[in-house]
Amino acid sequence: MLALLVAQNIAFYIIAALMVVGALRVVTCKNLMHAALWLVLVLAGAAAQYILLASEFVAITQVLVYLGAIIVLFLFGIMLTRAKTGTDDDLDNKKSAKFIGGGIAVLLLGLMGYSLIDGFKDTEFGNLMVQRTSQVSDSIFSTYLLPFEVLSILLLAALIGAIVLARRD
Amino acid sequence: MLAQLLTFAWNAPSVDYHALAPEIIVAATIVVLIVLDAFTGERSRWASSSVAGIGLLVALIPIATLAYDGVDRVMFGGGFVVDNYALILQALFLVAGYVVILLSTNYIAEGDYHEGEYYTLLLSSILGMMVMASARDLISIFIALELVSIPAYMLAAWRKRDQKSNEAGLKYYLMGVFASAILLYGMSLIFGITGSTLLVVIGAELGSYVSSQPIITLGIAFVLIGFAFKVSAVPFHQWAPDTYEGAPTPVTSFLAVASKAAGFVAILNVLFIGFYGRHDVWEPLMWVLAALSMTVGNLIALRQTNVVRMLAYSGIAQAGYILAPLAVAGATLGTGGEALRSIVVYLLIYAGMNLGAFAVVLAVSRKTRSGDIKSFGGLFSYAPTLTVCMTIFLFSLAGIPPAAGWFAKLSIFSSLTSAGTASGYILAVIVGLNSVIAFGYYGRLIRVMWMDEAPDGDRTPIKVPASLSFALIITVAVTLVWGVFPGALTHFTDQVNLFSLLR
C-alpha cells in the first residue's frame, strides 16, 4: 500500500506542477487561442488527479464536459466573434485590475485552503469515498431511470428548438 | 478483474408501465410528430396539430383507468409517485395543453411558424409538467422543471422576425436560467444537510432538527425563491409582462396557465413533503410573497392599456392568491391539507378561466390586429357571443358568481381563516381588498366591450375558426359548470393528499 502511495504522491506533484504552469500561461499568454489551449492542460490535469484518486467516473466526466464541450465552446466563441486569433498586445489588463484580480485569487486560495484543512483535519478516507462507475451506472438505470429518460427528451427538444431558432429562412 | 466486472449483479428496476402510461403516450406522440414532420411534405403540415391534440387526449385514458384503480403507486424508491394528487394535476396539464393546441392551430398555421417543431416543443413542455406532478425527489423535480422551461424559452421567441418576440424569449431565458441556478444552489444545500434527494427522507431529516440552523433556512429560501421566479411572484416577476406581451399569444396562454401551474406543483411537492416540518421558515416567506404579489400585480394591472399585459399582471396577482394559503399551511396537518386542496382547486379553475380569456383575445385580435384595450370597444355590437364569453371569464377572474372564480376565492378564504391565526386573518383581508381593486380593471374591460363605440366604426363580424370556438366551448363550459356545481370539482379534489407519504 505504501509503495503505491509513494508513486501516487510523485505523480500528484508532477501533474500539479504542470497544472500550475498551465494556469499561469492561461493568464499571461498574449494569444487568446493559445490561452484557451493552455486551459486544456489545466483541466486535463484535474482529470488526471481524479484518476489518481481512483474516481474514474468523475475523471471521464471531466474530460467529456470540460475538455470536450467547454473548451470547444470557448474556441468556437473566439472564432465566431471575430476576435483577433493572433497575438494581441492589448489582451493584458490594467495594472490596477491585475492587483485586484491577484488579491482576490490569493484570498480565495487562503479561504479554500483553510476550509479544506480545517474541515478534514487528519481524516483519512481510505477506500470509503470511492464510487465505482458501475455503481453510478446502476443507479442511473434503476433509481434514476425516469430522470434519465426525461433528460433525453429534454435534449431532443432543446436540439430541435435551437435548430429552428438559429436557421436562416 | 474482468471476470468480476462482467459478473456483477444488476437488478432491473420494476417499472409499472400502467402508472407511466400517460407519460409514455405523450413521449410517443412527440416521436410520431418528429417523424411525421420529417417525412411529409408541406401539404400535410396541418396534420401535426391534430396528431398532437389526439396524443394528449389519448393520454387521458390511462389517467382515467389509474384513477378508477385508486391505488397509490410508488416507484423508483419513492422518487416517483402516482396518486390522486398527481393524476388530477396530470389531467389538468393534458386538458390545458389540448386547449393551447386548439388556440395555436390557426395562429401557427397562418403565420407559417414551423408547425411540426412547434407542437413537438409544446408536447415536450407538457411532458415535463406531467413528470413534475409525480416527481418526489429533487433530481426529478429539477429535470422536470427544465423540461417545462427550456422548450418554453424557445416557444416564447418563436416569431423569429419580430423583435418583441426575440426580447420575450431572451428575457425569459435569462431570468429562467438565473432562477434555476438559485434553485440548484438551494437544492445542493438541502442535499448537503440531509444526504438525500428523496423528499420523504428530506422531510424526516429536516423535521428532526429542533435547533434552527441558518443553512437550512438558506436552503429552503433559495429553493422557494427559485420556484417563485417560475410562478412570477413579486418581487421575481419582472420578466413576465414583457415575455407575455412579446411571445406569440397561444404561447402566452400556455406560459400563463400551464407553465405557472407546473411551478406551483413544484412548490407544493417540496413544501408539503420535504419542508413541512420547517414551516417556521417558509410561512413568513410565503406570506410576504403572497401579499406583495397580489397587491403589486393588481395595482400595476390597473394602469395597463394592452390586454395581454393586463392579463399578465392579473396573472401575477392571481399567483399571490394561490400562494396565500401556504402562509398558514404549517399550523396543523388539517390546515395543511385544506391549503393544498384549495390551491389545487384554484389551479384548476384558474386554468379554465384564464385560457378562455386568452382564447377571446386571440379571436378578437384576428380582426383588430391589436392588443389594445380600446380595440375591444363596441365588441358587443358585432361579436355578442365573444363578448358574453369574455364577460364570463372576467367575472370569474374577479370572483363573481356564478362563474367558477368565486368558488376558487372562497376556498382560499376558508383555508386562510381555518388556521385561526392573526396572520391568516390579515392575509384574508388583503385578499379581500385586492379582489375589489382587481374588479377595477376587469370591470373597465367589460365596460369598454359593452358600452363603448367600435373604433373607426368598423363592425364587420369576426370569423372565429372552428378550433378556437371549440376551445371557447370547453373553457366556458368548465367555468360555468364548476361555478354552479362546485361539487363536480370537489368530488375529485377532496381525494387530494400529500401527507400519506409522511410517516
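Going from the start of the chain as shown, residues are counted 1 onward.
Positions of Cβ are set from backbone N, Cα and C atoms, glycine also.
Please treat TrEMBL annotations as automatic predictions, because they have not gone through curation.
Annotated in TrEMBL:
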| type | residues | note |
| --- | --- | --- |
| TRANSMEM | B:20-39 | transmembrane segment |
| TRANSMEM | B:51-68 | transmembrane segment |
| TRANSMEM | B:88-109 | transmembrane segment |
| TRANSMEM | B:116-133 | transmembrane segment |
| DOMAIN | B:135-429 | domain 'NADH:quinone oxidoreductase/Mrp antiporter transmembrane' |
| TRANSMEM | B:139-158 | transmembrane segment |
| TRANSMEM | B:254-278 | transmembrane segment |
| TRANSMEM | B:284-302 | transmembrane segment |
| TRANSMEM | B:311-331 | transmembrane segment |
| TRANSMEM | B:343-364 | transmembrane segment |
| TRANSMEM | B:376-404 | transmembrane segment |
| TRANSMEM | B:424-443 | transmembrane segment |
| TRANSMEM | B:464-485 | transmembrane segment |
Next item on the list: Report yes or no: does the transmembrane segment (B:254-278) come within contact of the transmembrane segment (B:376-404), defined as 3 or more CB pairs under 8 Å with a sequence separation of 6 or more?
Entry: no
Next item on the list: May I ask you to check whether the transmembrane segment (B:311-331) and the transmembrane segment (B:424-443) make contact, with contact taken as at least three Cβ pairs under 8 Å and only pairs 6 or more apart in sequence counted?
Entry: yes
Notebook entry, point to check: Where among B:51-68, B:116-133, B:139-158, B:376-404, B:464-485 do we find the most Cβ pairs under 8 Å to the transmembrane segment (B:343-364)?
Noted result: B:376-404
Note to self: Out of B:20-39, B:139-158, B:284-302, B:424-443, B:464-485, what stretch is closest in contact terms to the transmembrane segment (B:376-404), meaning most Cβ pairs under 8 angstroms?
What the structure shows: B:464-485
Note to self: Let me spell it out: take the transmembrane segment (B:139-158), skip the flanking residues so only those 6+ beyond its ends count, and list any with a Cβ under 8 Å from a Cβ in it.
What the structure shows: 79-80, 113-114, 118, 121-122, 124-125, 127-129, 131-132, 165-166, 168-170, 172-173, 176, 180, 183-184, 187, 197, 230, 243, 246-248, 251, 254-255, 259, 262-263, 266, 269-270
Next item on the list: Mind checking which residues of the chain, 6+ beyond the ends of the transmembrane segment (B:284-302), have their Cβ under 8 Å from one of its Cβ atoms?
Entry: 221, 224, 228, 233-235, 237, 310, 313-321, 323-324, 326-327, 329, 423, 427, 430-431, 434, 437-438, 440-441
